[in-house]
């Protein structure tokens, strides 16, 4: 089952990126508005509650905050919650949009005291824009050039105190000077099935879709630890329940809908299984080089590296080695195949 777009990563129903502008609008309606409504990320939530309360009591801007982690885990949601809990406005933009220094200057000069500026994909800021940002973060001042040629001169503008909330899926791509200017740094982790069950239950109530606990858990455990995927699957299961049943989402109804969508009990879709089956059955468990694997399943090597592999490796189904990709005993068990006692790399699995 796929959502038809031009980008492979967005076609998959279990993709962690938004599939369309319409989906983003639905996501906004389902987002929690306050910290006490936010499910999961207990450590981060507890820290933010303290930092926000302290900043409010001192009537100061919250320290600049960096949120990083895989897509779909709630970085944008947390940025909106921070602004709402602080009782200030939120201005939202993204790194690729800020092409010129003037673009950033226009945003910064329009901020009111203690406002939140949220920059998504902050790792994609251009060096020119990033240089303008440094004095703004440290001293609440920016230097802009007025005029051209010999008549050009630098003017320093004072800014209102503000909070920058940066979000990125690739914290390693941030420059050290930018990373060092964040007082609060938080990594968002994947959610547990129980946390996702709570999210699915809450979202179903907002969507007026009756669901029982087993039905919510069935959706949650196939959502790859990601709320965005859980909410997307919930909407598709709701459609199925309304057409094929009485509208209530039960475990059996959720299972039938997800089977129809080609999402298996661990959250794999057709492409995940195709890749693993190629390693297991076409290359005897590996090792297999990336180019050979790409040719075997008819996908680009970049798609395999950036879209398909990360979740399989993270869940322990696939391993990267210097000689190529190999299937793990977990992958063999998932497909009901006996794993060799001695793997492709000698005694890797001996005794397991």
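For all residues, glycine too, the Cβ spot is worked out from N, Cα and C.
Per Swiss-Prot, region 'Large ATPase domain (RuvB-L)' is recorded for 5-191, and the stated evidence type is sequence analysis. As annotated by Swiss-Prot, ATP binding site applies to 30, 31, 72, 75, 76, 77, 138, 139, 140, 181, 191, 228, with the evidence given as sequence analysis. The Mg(2+) binding site feature in Swiss-Prot is assigned to 76; the stated evidence is sequence analysis. What Swiss-Prot lists as region 'Small ATPAse domain (RuvB-S)' is 192-262, and the listing cites sequence analysis. Sequence annotations record features per position, and here Swiss-Prot assigns region 'Head domain (RuvB-H)' to 265-352 based on sequence analysis. The DNA binding site annotation in Swiss-Prot covers 301, 320, 325.
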Three-state secondary structure, residue 140 (ATP binding site) (per DSSP): coil
Rounded to the nearest Å - Cα separation of residue 30 (ATP binding site) and residue 301 (DNA binding site): 35
Under 8 Å by Cβ from residue 325 (DNA binding site), same chain, sequence gap 6 or more: 279, 286, 287, 288, 289, 290, 293, 309, 318, 319
Using Cα positions only, nearest of the binding-site residues to residue 301 (DNA binding site) (72, 76, 138, 140, 191): 72
Binding-site residues compared (140, 191) - the one with the fewest other Cβ atoms within 10 Å: 140
Helix, strand or coil at residue 320 (DNA binding site) [DSSP, three-state]: strand
Check: same-chain CB within 8 A of DNA site center, minus 301, 320, 325: 288, 289, 290, 293, 304, 305, 309, 324
Pairwise C-alpha maximum, in angstrom, for the residues (30, 31, 72, 75, 76, 77, 138, 139, 140, 181, 191, 228) that bind ATP according to the record: 37
Rounded Cα separation (Å) that holds between residue 320 (DNA binding site) and residue 191 (ATP binding site): 25
